[in-house]
Each structure stands twice: as structure tokens, then as C-alpha cells.
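K.L.:
Could you have a look at this structure, given as C-alpha cells, before my questions?
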Amino acid sequence: MIVVKVGGSAGIDYDAVCADLAARWKAGEKLILVHGGSGETNRVAEALGHPPRFVTSPSGYTSRFTDRQTLEIFEMVYCGKINKGIVERLQRLDVNAVGLSGLDGRIFEGRHKDSVRAVENGKTRVLRGDHTGTVEKVNTGLIELLLTAGYLPVLTPPASSYEGVAINVDGDRAAAALAVALKAEALLLLSNVPGLLRAYPDEASLIRHIPADDVEAYLEFAQDRMKKKVLGAAEAVAGGVRRVIFGDARAGQPITAALDGAGTVVS
Ligand code: ADP
């Protein structure tokens with residue numbers, strides 16, 4: 001089993017990802033796709049007059065402040081436009097894909113965090129009314145049902161809280177939890193960069209290999225959202241996934257290239 005997470009940043013070539021995925025699926029490989037949608041969510045939120053608000057925690061992690069209206073816009077884009085766009089591409093390629101959010105069948109479950117500590121103008125404030133959380137539990141029953149019946153699952157945040165409330169969760173860490181739960185042999189985190197760069201944005205500074213027992217030491221090279229990918233990779237290898245690869249989804253055959261060792265390999 002290979003879990004492929006494709007991001008939602010500008011420049012990602014979903015056609016290339018889907019074509020590669022379809023070819024491998026038809027050759028008999030078992031794969032699951034997890035996707036993001038942050039770039040498009042920002043655009044739609046602006047257009048709807050509810051612009052995105054990003055907050056930085058005291059430890060330096062950036063996240064989207066998700067009030068109820070933001071959550072609804074998030075669902076429109078992630079579960080609607082992006083998820084169905086990917087399912088449509090795969091169906092055109094004759095792959096029987098099924099798109100689901102983490103709410104469906106409670107595939108992704110975690111604790112609802114209603115408040116977030118945010119550093120603004122040098123001061124730490126507590127913001128309430130946040131609909132966020134982290135995936136703590138993956139319920140694989142529905143996924144296994146689908147895979148056994150020959151369907152390719154295409155998964156996206158949000159997740160479900162233990163009380164059944166929709167929560168915005170990080171897609172990279174959700175994919176990592178999924179890879180652990182399914183005992184996947186590899187987790188691919190594909191984005192619009194060649195991999196983890198030592199001196200972002202210099203693409204020539206690509207880090208080729210990260211030892212599995214030392215992933216957190218590489219957090220220092222990752223800024224803002226890239227930190228979540230490094231954290232996800234650390235969680236996946238700690239949970240028994242043998243290989244995590246940060247790969248490039250902008251062109252070519254992104255999945256095949258990553259599995260062939262392009263990008264940053266954590267092993
Ligand atoms: P996605 O939505 O595609 O998953 P994110 O926006 O969450 O992607 O994270 C990838 C982004 O992280 C890159 O587009 C890049 O701007 C940023 N980034 C920060 N630090 C690094 C780094 N050291 N190496 C590569 N990318 C980095």
C-alpha cells in the first residue's frame with residue numbers, strides 16, 4: 001500500500017498526478033490519494049468576502065484560523081471542487097475513484113480544539129471559536145471495504161471530532177496517520193517544491209536523504225507550512241512506515257519519480 005498526499009499549492013499538476021496514479025493502479029498497485037486545497041480555499045474565501053486568517057503559534061507553527069464560516073468555505077473547496085475534480089479526472093482515466101472526507105465514516109478522528117494560542121504583534125493571545133484539531137485515530141473499515149471492492153479512495157480533510165463535529169486538520173499529518181494505520185510501505189508528500197530545501201527557495205539546495213531516526217533535526221530547515229510535512233514524516237516513520245518521500249508534483253510522473261528516489265527520502 002502506498003499513501004500519496006498531494007498538496008493544494010499553486011503549480012501542482014493534478015493531471016500529471018492522476019495520470020501517474022491511474023497507470024500504477026491499473027498495473028495492480030494499491031494506492032490511496034489524500035489531497036489538500038489551501039491555495040484555492042484562500043481564493044474562494046477572498047471572493048466570498050471572508051478572507052483567510054493565518055495564525056502563528058508560540059512554537060512557530062502556522063495554521064488557518066477556522067471559524068464556522070471558514071469551515072464551510074473549506075468544505076466547499078476541499079470536499080467539493082478539489083475532491084470532485086480529482087475524482088472526475090480519475091474516472092475519465094477509467095479508475096473507479098470514490099471521494100470522501102474524513103467525516104465520512106469517521107475515517108479521520110481527533111480532538112476538537114476550540115481555542116488557539118496565536119502570536120500577534122509580539123503578544124500571545126488566545127483565539128476562541130476555532131474548528132481545528134489533529135488526527136489521532138484513523139478508522140480504516142470503510143477504506144478497506146472500498147479497496148476490497150476495487151475502488152480507489154480519494155480522501156480529504158476535514159476530520160470528525162470525537163463528538164462528530166467537523167474539524168480542520170493538517171492533510172500531511174492526516175496522511176501520515178493513515179499510512180501508519182494501513183501499514184503502508186511508503187508515504188509520498190507531494191507539493192510544488194522538489195523536496196525539503198536546505199536553503200528555501202533555492203532548489204539546488206535539495207536535501208536528498210534524511211535518516212529516519214533524526215527527522216526532527218531537519219525541522220530547522222522548514223519554514224511555515226513545510227514544518228507540518230516534516231512533522232508528518234517523523235510521525236509516519238515512528239509509526240513504522242519505512243519510507244517517506246517529499247516529492248515534486250508540478251510535472252512529469254510525480255509518484256513514479258518520488259518512488260524512484262527523486263526528492264527528499266526519509267528512511
Ligand atoms: P501543500 O499545500 O502543497 O502541501 P504547503 O504550502 O503546505 O504545500 O507546503 C509547501 C510549501 O512550503 C512550499 O511551497 C514552500 O513555499 C514552503 N517551504 C518552506 N520551507 C521550505 C523548505 N525548507 N523546503 C521546501 N519548501 C519549503
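Easy rule for this one: first residue shown is 1, then count along the chain.
Note that Cβ sites are derived from N, Cα and C of the backbone, with glycine treated the same way.
Per TrEMBL, substrate binding site is recorded for R64, N168. For 1-246, the entry in TrEMBL reads domain 'Aspartate/glutamate/uridylate kinase'. What TrEMBL records for K5, K229 is site 'Transition state stabilizer'.
Could you place the listed features in the three-dimensional structure?
P.N.:
Reduced to three states, the DSSP call for N168 (substrate binding site) is strand. Cβ contacts within 10 Å of N168 (substrate binding site), excluding its own Cβ and spanning all protein chains shown: 23.
Within the model, the domain 'Aspartate/glutamate/uridylate kinase' (1-246) carries an average pLDDT of 96.
Close to K5 (site 'Transition state stabilizer') in the fold, though at least 6 residues off in sequence, lie L33, V34, H35, G36, G171, D172, A175, L187, L188, L189, L190, each with a CB less than 8 Å from its CB. The secondary structure of K5 (site 'Transition state stabilizer'), as reduced to three states from DSSP, is extended strand.
Secondary structure at K229 (site 'Transition state stabilizer'), as computed by DSSP, is helix. Within 10 Å of the Cβ of K229 (site 'Transition state stabilizer') there are 26 other Cβ atoms, across all protein chains.
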K.L.:
Enumerate same-chain residues with a sequence separation of six or more from R64 (substrate binding site) and a Cβ-Cβ distance below 8 A; give 'none' if the list is empty.
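P.N.:
In sequence order, the residues whose Cβ lies under 8 Å from that of R64 (substrate binding site) (at least 6 apart) are S38, T41, P52, R53, F54, V55, T70, F74, T132, N168.
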